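Undergrad: So Swiss-Prot lists these for the protein:
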- His83, His182: heme b b562 binding site (BINDING)
- His97, His196: heme b b566 binding site (BINDING)
- His201: ubiquinone binding site (BINDING)
- 33-53: transmembrane segment (TRANSMEM)
- 77-98: transmembrane segment (TRANSMEM)
- 113-133: transmembrane segment (TRANSMEM)
- 178-198: transmembrane segment (TRANSMEM)
- 226-246: transmembrane segment (TRANSMEM)
- 288-308: transmembrane segment (TRANSMEM)
- 320-340: transmembrane segment (TRANSMEM)
- 347-367: transmembrane segment (TRANSMEM)
Amino acid sequence: MTNIRKTHPLIKIINHSFIDLPTPSNISSWWNFGSLLGLCLAIQIITGLFLAMHYTADTTTAFSSVAHICRDVNYGWLIRYLHANGASMFFICLFLHVGRGLYYGSYTLMETWNIGVLLLFTVMATAFMGYVLPWGQMSFWGATVITNLLSAIPYIGTTLVEWIWGGFSVDKATLTRFFAFHFILPFIITALVIVHLLFLHETGSNNPTGLNSNADKIPFHPYYTIKDLLGVILLILSTMSLVLFFPDLLSDPDNYTPANPLNTPPHIKPEWYFLFAYAILRSIPNKLGGVLALILSILVLALLPFLHTSKQRSLMFRPITQTLYWMLVANLLVLTWIGGQPVEHPFIIIGQLASISYFSIILILMPISGIIENKLLKWSL
């Protein structure tokens, strides 16, 4: 009798995706973040669903409904902080996942990579809208500042902003639609994740060497299921430590003050995971230029397959580009720091220099170093 997992129409799909999937035998722990992102998404959807049962998307009651969840709902504080800190863990895993793709040349799998970039944009949009929902000071002013950026678009900018707001300022209509979008987007993300995996399993995974691994593949289960399980345990451990010991470590104290349109906070800034992009936005004095730089800071990832000049896929044996890669990582940390600082000297100039070097490393220096390494290895023929 044939095994049911190989014959049943539905179980067969799961079998080919997570059990009998041929996987390179040498993929490291950097390949764990895909499954961890899946776990983060599941946690966010489940906790979000429970929060939505008690939350009210109305400007008069939104803030107090969040307080009610924390005070009166059974384990409401746990659900709320799991959701808030789960977003931070989600972005940590996302950045590490993208960083691994950049280091090991996974962007050469074009379809998978492009869906991944689209996923990154969608997750960022979802997180931004979620930050508006508690209707604290930073929620309100963050929503005002970021949506107002669209007014930089020529001709239709102002109309577009008022259309998104549903009025002449961020108000009840804005909050209601943001809640609706924040609720629906995770399910769209889930659909995109399935497409992401579909494209990945079409070509097979990359590996640290960047070489073809078809000659040496092992089944995903039990080897990588047990390896993923270790990652899952570590993620849950670190998330629960954050939630139970330092729940407000990554949030803004201003968001514990109810939204007040008449009182602007001293420093308007987004959540920590958007600070690098916010720093790039602020580094350009022109409004439209800033918006374009902001979009390009993420969209530049989609250009990576076209900027790949090396004959080698991975950075494993490319010391010059490795150095540039770690310079880029350091640069992003500097941008994250600058994004949280006030707009004054010396932070302005540091932000501008870091923004220039961010785009220079990706668009100019890395492709040049690829060509140099080819020459050094006499592979340019």
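Quick reminder: no glycine exception, Cβ is built from N, Cα and C everywhere.
Quantities reported herein were computed from a predicted structural model and do not represent experimental measurements.
Would you situate these features in the structure and describe their surroundings?
TA: Within 10 Å of the C-beta atom of His83 (heme b b562 binding site) sit 21 other C-beta atoms, taking all shown protein chains into account.
Cβ contacts within 10 Å of His196 (heme b b566 binding site), excluding its own Cβ and spanning all protein chains shown: 21.
Long-range Cβ proximity for His201 (ubiquinone binding site), meaning a same-chain Cβ under 8 A and a gap of 6 or more residues, is found for His16, Ser17, Leu21.
Remote same-chain residues near the transmembrane segment (33-53) are listed as 69, 79-80, 82-83, 86-87, 89-90, 93-94, 96-97, 100, 182-183, 186-187, 189-190, 193, 228, 231-232, 235, 239 (criterion: CB distance under 8 Å, separation of at least six residues from the stretch ends).
Within its own chain, the transmembrane segment (77-98) is flanked in space by residues 30, 33-34, 36-37, 40-41, 43-44, 47-48, 50-51, 66, 69-71, 116, 120, 123, 127, 130, 235, 238-239, 242-243, 247, 250-251, 271-273, 301, which lie at least six positions past its ends and keep a Cβ under 8 Å from the stretch.
Residues 55, 57, 62, 66, 87, 90-91, 94, 98, 101, 106-107, 139-140, 142-143, 146, 174-175, 178-179, 181-182, 185-186, 188-189, 192-193, 195-196, 199, 270-271, 273-274, 298-299, 301-302, 304-305 of the same chain lie 6 or more positions beyond the ends of the transmembrane segment (113-133) yet place their CB under 8 Å from a CB of it.
Sequence-remote contacts of a segment are chain residues at least 6 beyond its ends whose Cβ falls under 8 Å from one of its Cβ atoms, and for the transmembrane segment (320-340) they are 99, 102-103, 267, 269-270, 272, 274-280, 282, 310, 347, 350-351, 354-355, 357-358, 361-362, 365-366, 369-370, 372-373.
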Undergrad: Could you say whether, by DSSP, His97 (heme b b566 binding site) belongs to a helix, a strand or a coil region?
TA: helix
Undergrad: For His97 (heme b b566 binding site), list the number of other Cβ atoms lying within 10 Å of its Cβ atom.
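TA: There are 21 such Cβ atoms around His97 (heme b b566 binding site).
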Undergrad: What Cα-Cα separation, expressed in whole Å, is found between His182 (heme b b562 binding site) and His97 (heme b b566 binding site)?
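TA: Distance (Cα to Cα, whole Å): 23 Å.
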Undergrad: Relative to the Cβ position of His182 (heme b b562 binding site), how many further Cβ atoms are located within 10 Å?
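TA: Within a 10 Å radius of the Cβ of His182 (heme b b562 binding site) lie 21 other Cβ atoms.
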Undergrad: At the Cα level, what's the spacing in Å between His97 (heme b b566 binding site) and His83 (heme b b562 binding site), rounded?
TA: 20
